[in-house]
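**Student:** Annotation source TrEMBL lists domain 'Major facilitator superfamily (MFS) profile' at 89-494. What TrEMBL records for 140-160, 167-185, 191-213, 225-247, 253-272, 328-347, 381-400, 442-463, 469-489 is transmembrane segment.
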Amino acid sequence: MKFDNILSDINGFGKFQIRLMLIQIFGRMCLPCHFLLNNFMAAVPSHHCDVSGLDDGHFFGNLTLQQKHSVGIPKGQDGTLSPCRMFAEPQYQYLSASNSTDDAFTVPCRNGWTYDNSTFKSTLATEWDLVCSRKGMNQATATIFFIGVMIGGPLFGFLSDRFGRRPLLLVSYLSSMTFSVLSAFSTTYVLFAIMRLFTGMSLAGISIISIVLNVEWFGIEHRTFCGVIISLDWTIGNWLLVGIAYFVTDWRMLVLAVTSPLIAAVLVWRWIPESARWLMTNGKVNAAHYYITQCAVMNNRSTSMKLIILLLSLNFFQRYIYCKKLCFLSRFGVAFTYYGISLNITGFGLNPYLTQLMFASIEVPMKIGVYFCLEKLGRKLGNAGALLSTGLCLFINIFITQDKWVARTTVAVLGKALSEAAFTIMYLYTTELYPTVVRQNGVGYTALVARLGVSVSPLIMLLEDVWHLLPAVSYCAVALVCGSVALLLPETLNTRLPEFIEDIEKPKRQQVLEEEALVKSSRMKEID
């Protein structure tokens, strides 16, 4: 007896499934808070060299701050102070003439930097002077975090396929809290980077286990709804991040604040059920019966349990082999372009809080549209279309100049919404492609490839020193190529979740007939 048949008997979309989604909100809303945290934690405020070292004990000390800047720091063509260079000696002639570097010797900042603290009280950049020649270290903090996510995906995927979804989800909650707190109290850059690596590994568990656990408890007709609704947790977390970051401008307190929902996640974990689908495929019939009974009672379908009890003894031991239906390249492109846009909120000429709020808010109408798109077009065309449209927006923005910030921001927000649509579809799509026996493993390894894209994405911005348009061209090219590759994946709309490799390898016609019969049976029960 297939698990989808059981779900159709006990209601694959009832109070039990709704409670399961609501319980996991606390854990899932922390994901965007940490994944996009670098937009605020690693923000680089306006800065210039500290000129106190130029004090010669005489005339320099009597100058106003503005005059000290005029004689100590060169100015660019737009009149702003150089962020990375200073004069080797005070240039007093600039007190009465325009400041220029044409006839004066400049050197890198000798005595550190002075930062504008009007927006951020402290960030990683101001804490450890990660600017100018060290700006790569600031960008690297995001890459290090996502390398951790990349490692954590297959690790937690393997462990949860072996030991179950529920216990590993608790491990993810506890380890995420622990390493986040340790990172907030780090005294050195190296220690902070190590703690962020482990934080990323731990959060990867929450990311992949929660989506799989939810999808495995939903019936065929409601999996699309499940995938889209779960993705709204990301939007809620995005809003939460903007609100917290606006009021908490110290990076250490910000890390602690965005991690705090995990306390509630741990407290409500006791009510999260194990995946009965996983239990059945691993031969744990008694445990599966316990959770199926819970679901049936809560969904007012307890009368269906008599038939299910007779059929649960069927053989669910089949060989453990790896899934052949992979979507690595498509997932890489989705993650690469999504974070390429999401981690570049300062490039549109607006306040970073406003930009982040716009990026978060556009997700809601887009996800509503995704639901109807998936129901009509399916996963394959929806995913490919979203990726290709994202690439088109990135291509258009290449030709819009920086001074036209309204047009640039409008196109960027649209591109962000489309990349979010691709991300939402891909999470659901990936879960549906793998059979239960290796689903968490498959999702974990696919997440590894995705996080490889995420890890590289922040570093692509450093290519602007080679050519200012090279980052945008790179993001655009990857989106278009991976969107085209997505067209080669199989369709999973209204198909039964495969439980074993044999289910994937069945002739397509046989699968269609079985799925049509299951959907028809489910509708008849709803009518009754």
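Yeah, the Cβs are placed from backbone N, Cα and C, and that goes for glycine too.
TrEMBL entries are annotated by machine, without manual review.
Have a look at these and tell me how they're positioned relative to everything else.
**Tutor:** For the domain 'Major facilitator superfamily (MFS) profile' (89-494), the model gives a mean pLDDT of 84.
Note on the transmembrane segment (140-160): residues 34-35, 38, 42, 124, 168-169, 171-172, 192-193, 196-205, 207-209, 212, 339, 343, 440-448, 450-452, 454-459 of its chain, located 6 or more positions outside it, place their CB under 8 angstroms from a CB of the stretch.
Only residues 6 or more beyond the boundaries of the transmembrane segment (167-185), in the same chain, are considered here, and those with a CB under 8 A from a CB of the stretch are 27, 30, 34, 156, 159-160, 192, 195-196, 198-199, 201-206, 209-210, 213, 252-253, 255-256, 259, 262-263, 265-266, 269, 272.
Listed by sequence, the residues of this chain that lie at least six past the ends of the transmembrane segment (191-213) yet keep a Cβ under 8 A from its Cβ atoms are 20, 24, 27-28, 30-31, 34-35, 124, 140-141, 144-153, 155-157, 160, 165-166, 168-169, 171-173, 175-176, 178-180, 182-183, 227, 230, 272, 275, 427-428, 431, 439-440, 443-444, 447, 451.
Within the same chain, residues 13, 17, 21, 24-25, 28-33, 36-37, 39-40, 210-211, 214-215, 218, 254, 257-258, 261, 353, 356-357, 359-361, 363-364, 367-368, 370-371, 374, 423-425, 427-428, 431 sit at least 6 positions outside the transmembrane segment (225-247) and bring their C-beta atoms closer than 8 Å to a C-beta of that stretch.
When Cβ-Cβ distances below 8 Å are used as the criterion, the transmembrane segment (442-463) is approached by residues 38, 136, 139-140, 142-143, 146-147, 149-151, 153-158, 160, 200, 204, 207-208, 211-212, 322-323, 326-329, 331-336, 339-340, 343-344, 430-431, 433-434, 470-471, 474-475, 478 of the same chain, each at least six residues removed from its ends.
Listed as Cβ neighbours of the transmembrane segment (469-489) (distance under 8 Å, sequence separation of 6 or more from its ends, same chain) are residues 325, 327, 329-330, 332-334, 336-337, 340-341, 379-381, 383-388, 390-392, 394-395, 397-398, 419, 429, 433, 453, 457, 460-461, 463.
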